[in-house]
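Q: The structure follows.
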There are 2 protein chains.
Amino acid sequence: MTDVSWAPVPEDSGFGIENLPYGVFTRPGELPRIGVAIGTAVLDLAGLAADGLLEDRRWFAAGSLNGFMAAGRPAWLASRARIIELLTIATYRERVEPHLIPLSQVELVRPVEVADFADFYSSIHHAANVGQIFRPDAIPLTPNWRRLPIAYHGRAGTVYVSGTPIFRPWGQRRDAHDSEPSYGPSQRLDLEAEVGYVVGVPSAPGWPLPTSAFRDHVFGFVLVNDWSARDIQFWESQPLGPFVGKSFATSVSPWVVPVAALEAARVPPPAQDPPVLPYLRCDEPWGLDLTLEIELNGHVIARPPFSSMYWTPPQQLAHATVGGAAVRTGDLFASGTVSGAGRPERGCLLELTWNGLEPLQLPDGTRRAYLQDGDTVTIRAFAPTATGARLAMGEVTGVIHPAPGSPAGTPTPGVA
Amino acid sequence: MTDVSWAPVPEDSGFGIENLPYGVFTRPGELPRIGVAIGTAVLDLAGLAADGLLEDRRWFAAGSLNGFMAAGRPAWLASRARIIELLTIATYRERVEPHLIPLSQVELVRPVEVADFADFYSSIHHAANVGQIFRPDAIPLTPNWRRLPIAYHGRAGTVYVSGTPIFRPWGQRRDAHDSEPSYGPSQRLDLEAEVGYVVGVPSAPGWPLPTSAFRDHVFGFVLVNDWSARDIQFWESQPLGPFVGKSFATSVSPWVVPVAALEAARVPPPAQDPPVLPYLRCDEPWGLDLTLEIELNGHVIARPPFSSMYWTPPQQLAHATVGGAAVRTGDLFASGTVSGAGRPERGCLLELTWNGLEPLQLPDGTRRAYLQDGDTVTIRAFAPTATGARLAMGEVTGVIHPAPGSPAGTPTPGVA
């Protein structure tokens, strides 16, 4: 795509014509509806459809992408092609321009009504680090790790759009040196930088999806911050996995980047050794050259490379459905924490500070073992495009608040 | 309630005037709508409302209970009281009787649109048995077990109503004696007899629900069969818990028994030692004297007592929300396998056959280590009422089918 849009696209906005991510926006007093980002504006698809410029089957005048996502790949590709026409052919400009609304004037809401949420554990560097920290006496990677993409189900009802306040969870924990569990606000509140994807087209109960079916079922990608209370998680997780420590909140970016927009970012994933079972083989390279960026209070603290992920999105979907589990429109699958091999590539504070033993020194003079009340965490990601422009996945951000109803004078967790 | 209904209630039908469980039914060519079971009939609440006999806010002419469940406890109690009036006061009979439809003429559909599904692990006997079988070298109960009600999130999108075919899952497994994992149909397909409850009234993000809030948020109870592929589960579960081994299907009973109907079944739960943290304390006795019955191909193979559960439903809900996780209308929480102390009280084949080492000898001359294709599993439960009549929770049933698309000649797993 070497087309150039007539719509203004500031250099490095990341929202050029190669991207066109979908979101749901509102303005005061108006109903939410679907738009795509272009430059510093949102293109109002419901408005375009009402003006007869875009095929409309009630997909776009909706409060979530789910209806459009369920329409399937032919509809996704046709809409994308038409939107590119409208934004690149100069003769459309007069009729289309009134439907461009500055992003500064809109509120972005959660783009997807999340059906089920499953979270993988697909970074070998993350899994090895967590293994060393949480199970110091054992081999870091469990024997199954290179054989299947490990995952657990999270809580769909607590998936929030970027910007939603994050309340510090209270809960039960017992540190290794404690004899009794205690109760209080989490002292080890963490972020997890992840990349997720959302299902558009459902599958039938009993029918696994092969890796080759990924594009026919998956609509697009989002950024995910799977907030985690490490002290609560550590105490509760045996033998059935995390529950309270991860169920209080998960944040997603407001923009869903279509699978088609990331074609130029596809790269061969790391070699898998031992070879995977046939149902996990993938004929196409499905690594993605996304660079994540984690910002804490305005300071970039890590840049995890998604291209280092051991398990790819099509392998994840094939594994999730191998037992015949059906997927539904709105299902969210996330990668798990994205961590590269290097220390500045780690995707969570658990790893970056080695569970608080090596606090981060921030340029503003403060230190962080884990998150403090008032901290702002923002995750971004960028991908290459065929034109050389940088594609942005938007951002997912959140500010830590004390739990509502916290007793006055509750000590704020500090540096370890 | 010593009222007697004018509607015929066969002795031991379990659907007397003390029960009045809610469900969603259809007849050929008719829209699904809400009814309550009485005797061998369903009372059509949408029909009653249309005739002005029952307050109607569009709750009852609906394909799920969710709208009515969201209406809250005052609405639940008012509707229940009114339905009891209509079914016990003889002068109503002429107008109400046309709205009684024989159960044999209706199809019962999934009563609840499930939002999130979380499954607990609240039977101490089950947890101890599973610990012995799966982790023979460790202490059976993990150190956290008596401190908090362990749970994990399951897959809401694969919760099906009783009677839905259950496809044997395929997947990856590695037995203890194997060096390499293999792939194929599960050889250790199991049932899990559980009791669940569904949330009616949502909670706010960040605000935990105390144990005392249980009745204000929970609409009623269902029976659950959380089908499990033990070989897949065993191999995948470290460190994040079960995923493919439990996500292919979960069956629920079509009838939701209101919390108010189980008041007479409440009993003191087993003593908890050590004492629980304050957020898990419960002022009221919330053990429930339900006796489950597991039938395999027409033979009762176990009768697990729900009264033996260590953790109670209000404790489960308080724990699930202690970190501020919000609950939504339609959330399903299940107890985990219900197992009593005795061998005939165990709630799954893993325990009943000690992972296949001690196959069950069925009266029909066959033996079972795990489930075979064609097997029918039915779970029922009964509770006492104030009148001495037996209350039935209905039943949840399922037949095992080979996976669709299974290669011809796939060997059917047999007796271990």
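Backbone N, Cα and C define each Cβ position, glycine as well.
No curator has checked TrEMBL annotations; they are predicted automatically.
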Q: Of the residues B:ASP226, B:ASP273, only one is listed by TrEMBL in the Mg(2+) site with B:LYS246, B:THR250. Which is it?
A: B:ASP226
Q: Going by TrEMBL, B:GLU192, B:GLU194, B:ASP226 bind Ca(2+); tell me which of B:ASP116, B:ASP119, B:ASP283, B:ASP289 is listed for that site too.
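A: When TrEMBL describes the Ca(2+) site, the candidate it includes is B:ASP119.
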Q: Among the recorded positions B:TYR121, B:HIS126, B:GLU192, B:GLU194, B:ASP226, B:THR337, state which ones have a Cβ less than 8 Å from a Cβ of chain A, giving them in sequence order; state 'none' otherwise.
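A: Contact set vs A: B:TYR121.
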Q: Can you check what DSSP calls B:GLU194 (Ca(2+) binding site), collapsed to helix, strand or coil?
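A: The three-state answer is strand.
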Q: Quick check on the domain 'Fumarylacetoacetase N-terminal' (B:18-109): DSSP residue counts for helix, strand, coil, in that order please.
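A: Final tally across the stretch: 40 helix, 21 strand, 31 coil.
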Q: Going by Cα-Cα distance, pick out whichever of the binding-site residues B:ASP119, B:GLU194, B:ASP226, B:GLN233 is nearest to B:HIS126 (active site, proton acceptor).
A: B:GLU194
Q: Any idea which of the recorded positions B:HIS126, B:ARG135, B:LYS246 has the thinnest Cβ neighbourhood at 10 Å?
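A: Ranked by other Cβ atoms within 10 Å, the recorded positions B:HIS126, B:ARG135, B:LYS246 bottom out at B:ARG135.
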Q: If you compare CA-to-CA distances from B:THR337 (substrate binding site) to each of the binding-site residues B:ASP119, B:GLU192, B:ASP226, B:LYS246, which comes out shortest?
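A: Among B:ASP119, B:GLU192, B:ASP226, B:LYS246, B:GLU192.
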Q: Just checking a number: largest C-alpha distance across B:TYR121, B:ARG135, B:GLN233, B:THR337 for the substrate site, rounded to a whole Å.
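A: Max Cα-Cα spread across the substrate binders: 18 Å.
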Q: So, three-state DSSP: helix, strand or coil for B:ARG135 (substrate binding site)?
A: coil
